[in-house]
Ligand code: AMP
Ligand code: ZN
């Protein structure tokens, strides 16, 4: 597999640290609000990366943090007259609701910054001891000049960065690029006891510390939205590598923005739609298809029109799935014919192309086109005269290729249909066992619910009265 590494600006062969394991850390949300469709893209993209690794046989340790202490958290908690802790608890719950609804797999661990306070304080202490950080009146800063490789991720040196950066002028810092890793308490702020007095950690240090604690000194992949490459990830690298003397992450992945009218969707621009409100109107399959139909490194534009056309596309895929599910019950032949065995090879060629595209830096855009081609082929070639085995193979393949993208897993049958079919199956079993009282009971119970069973030469059929 090949991954575009932001660090080298090249696609590189993916070589994991351990044989079959991928250790990845993704920067997660600040839990002060519902997440929007822009954030959702980042979560969906890296969920897809993780699912695809799993599809290819890797075991994935997937860490995504919750930032539950920072300026935005404090401000919002004050506005809502609540504590930072309660605000975090609440929006972590809301995060899981939306993420689950978007079919995002749960992370191996979602660490909360406030639960790693002791470890973060130790990390800061270590950096001071090693001469990479200094304290001034309760604030601790990272000394960027001391870290030789500062700027390597964004490909700039300290001088360029200083010239281009809009940074707070703080006379107390040794260098304008130095950044706070520990902040002394201001009035009304939540704070933790530390060797430098009451205070709280800076944002960057939490990720360095939690990645180190949960995944070790060097990790395979570090990921996040492209706005995080500088300064967040640059600062994480400085802290972590200063601390361990080892490479922090072997591959850096950044996903591009969701825009609205060519501007980044963001809370501050107030041009956002929450995942929650979009999920009320659109199926998760539609939202994921929309997000994954562009390559993860290209920006995508959000609009209701695009969602509507994606919805129509998703319906085409599900029509085909529904057709195959119905065919499975209706076709008469069981086993593959010789001709069908050849056709299976054609079907498999789609899977090979799909894998080739996904192996090439997770090209979900092309992978989705291949699924559409596959479905078109199946629609033309699989029908009432096909065997059960071919129908099943086709259906399983469509679902198999949808799974890494987190789509196409739903059954098109309603719960009622599924339940009736299960009861019919149980009745058939009872009849085989000559348990006539059970088989009659199942038929009568269904009849009482308005469902009539008919025994036909093609098997049992049911209809509503
Ligand atoms: P935040 O809660 O703002 O820290 O963001 C959580 C994640 O969403 C980060 O990885 C951001 O880079 C990402 N993100 C924020 N806005 C967008 C956007 N418009 N498009 C894609 N990703 C975004
Ligand atoms: Zn982070």
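Just so you know, glycine gets a Cβ as well, placed from its N, Cα and C.
Now, the feature entries from TrEMBL:
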- 27, 207, 232, 236: Zn(2+) binding site (BINDING)
- 29-39: motif ''HIGH' region' (MOTIF)
- 264-268: motif ''KMSKS' region' (MOTIF)
- 267: ATP binding site (BINDING)
- 307-353: coiled coil (COILED)
- 353-416: domain 'Cysteinyl-tRNA synthetase class Ia DALR' (DOMAIN)
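Structure coloured by features recorded in TrEMBL.
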residue	record	contacts (Cβ under 8 Å, 6+ apart)
27	Zn(2+) binding site	64, 65, 207, 223, 224, 225, 228, 232, 233
236	Zn(2+) binding site	204, 207, 208, 211, 222, 248
267	ATP binding site	33, 36
Long-range neighbours of the motif ''HIGH' region' (29-39), counting only residues six or more past its ends (CB under 8 A): 66-68, 70, 72-73, 75-77, 87-88, 91-92, 94-95, 98, 225, 257-258, 264-267, 272-276, 278, 287, 302
Tally of residues which DSSP labels helix, strand or coil - the motif ''HIGH' region' (29-39): 3 helix, 2 strand, 6 coil
Those binding-site residues in 27, 207, 232, 236, 267 whose CB falls under 6 A of ligand 1, listed in sequence order: 27
Non-site residues, in chain order, whose CB comes within 8 A of the mean position of the CB atoms of 27, 207, 232, 236 at Zn(2+): 203, 204, 206, 208, 222, 224, 228, 233, 235
Mean per-residue pLDDT computed across the coiled coil (307-353): 96
The motif ''KMSKS' region' (264-268), counted residue by residue under DSSP: helix, strand, coil: 0 helix, 1 strand, 4 coil
Cβ packing number for residue 232 (Zn(2+) binding site), 10 Å threshold: 18
Number of Cβ atoms other than its own within 10 Å, given for residue 207 (Zn(2+) binding site): 27
